[in-house]
Amino acid sequence: VSQQCFMAWSRGQNLSLQGPFILLGFPGPHSLHVGLFLLFLVMYVLTVAGNLAIISLIGAHRRLQTPMYFFLCNLSFLEIWFTTACVPKTLATFASQNGAISLAGCAAQMYFVFSLGCTEYFLLAAMAYDCYLAICLPLRYGGIMTPALAVRLALGSWLCGFSAITVPATLITRLSFCGSRVINHFFCDIAPWIVLSCTDTRVVELTSFGIAFCVILGSCGVTLVSYAYIIVTIVRIPSTQGRHRAFSTCSSHLTVVLIWYGSTIFLHVRTSVESSLDLTKAFTVLNTIVTPVLNPFIYTLRNKDVKEALCRTVKGR
């Protein structure tokens, strides 16, 4: 697509319904695109390598083959695909200066990004429940959190995550787009896509808002209740060493939860999609690029068992 065509798109010229969408990305000089390309590429490689390392460590060490680390494996696997759903296309856009994407491609990208995002909410809630059992009910932990229950919780998280986004995704694909087809984002996000529609989007907006609200509120409720019990239990432990040991069990998960919820609540719980799209882009970078690359480092640096397994692997023992 030539530069002249791109400028025509960006000015909102009418296009046929069969034409591609254009991902605007980050407008700016060529030097900015080169810098962002290198930054996104490094972050993507670190995300994939770091999360693959976590999965490999857990698979190679029997001590780590517990429900807690089974959930961590699921989280690492999810982060790899969550980032892969949007970053490679962004890198291709930076490299080719062509952000064209088909309607089917845009719908598929949106579905997978948001399905994986919803799955992460449910998975973090399941991990919070696991932490609650480990700290508050340590003597009953093995009897309650059996391998079978861990598998059911993980599978339920994946199924609920991919089911939750089905209705809004179906509604969005039925919208008509008869004006500008420039998506003010670096991937096919729901908000900037809805703005382009020339039909009534209130049903889509309310449905997306309602599902986001239910997913966030439900998973956040489980997480908050779990940590309320955890905090009360830790405070009641008489020894400082015991409190430190109990807190270290869940500190990595708590750090990930705070980063994830802090960056995504703004993105999904809002009633209007026509404002703050540029601010939304900035928060989405934190959510889709920065958070997945931080998780392996958080679990490696703040988790004693993972650090010991990593040291044994490096030393060849």
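Each residue, glycine too, has its Cβ placed from N, Cα and C.
Annotated features in TrEMBL:
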- 34-57: transmembrane segment (TRANSMEM)
- 50-299: domain 'G-protein coupled receptors family 1 profile' (DOMAIN)
- 69-91: transmembrane segment (TRANSMEM)
- 111-137: transmembrane segment (TRANSMEM)
- 149-172: transmembrane segment (TRANSMEM)
- 209-234: transmembrane segment (TRANSMEM)
- 246-267: transmembrane segment (TRANSMEM)
- 279-299: transmembrane segment (TRANSMEM)
Spatial neighbours of the transmembrane segment (279-299) far in sequence, C-beta under 8 Å, 6+ residues away: 26, 40, 43-44, 46-47, 50-51, 53-54, 72, 75-76, 79-80, 82-83, 86-87, 113, 117, 184-187, 189, 191-192, 252, 255-256, 259-260, 263-264, 266-267, 306
Stretch contact, the transmembrane segment (209-234) with the transmembrane segment (69-91), Cβ-Cβ under 8 Å, 3+ pairs: no
Averaged pLDDT, computed only over the residues in the domain 'G-protein coupled receptors family 1 profile' (50-299): 86
Leading contact stretch, 34-57, 69-91, 149-172 vs the transmembrane segment (111-137) - CB distance under 8 Å: 149-172
Tertiary contacts of the transmembrane segment (69-91), as residues 6+ beyond its ends and Cβ separation under 8 Å: 23, 25, 37, 40-41, 43-44, 47-48, 51-52, 54-55, 58-59, 101, 109, 112-113, 116-117, 119-120, 123-124, 126-127, 130, 147, 150-151, 153-154, 157-158, 186-187, 256, 288-289, 292-293, 295-296, 299, 305
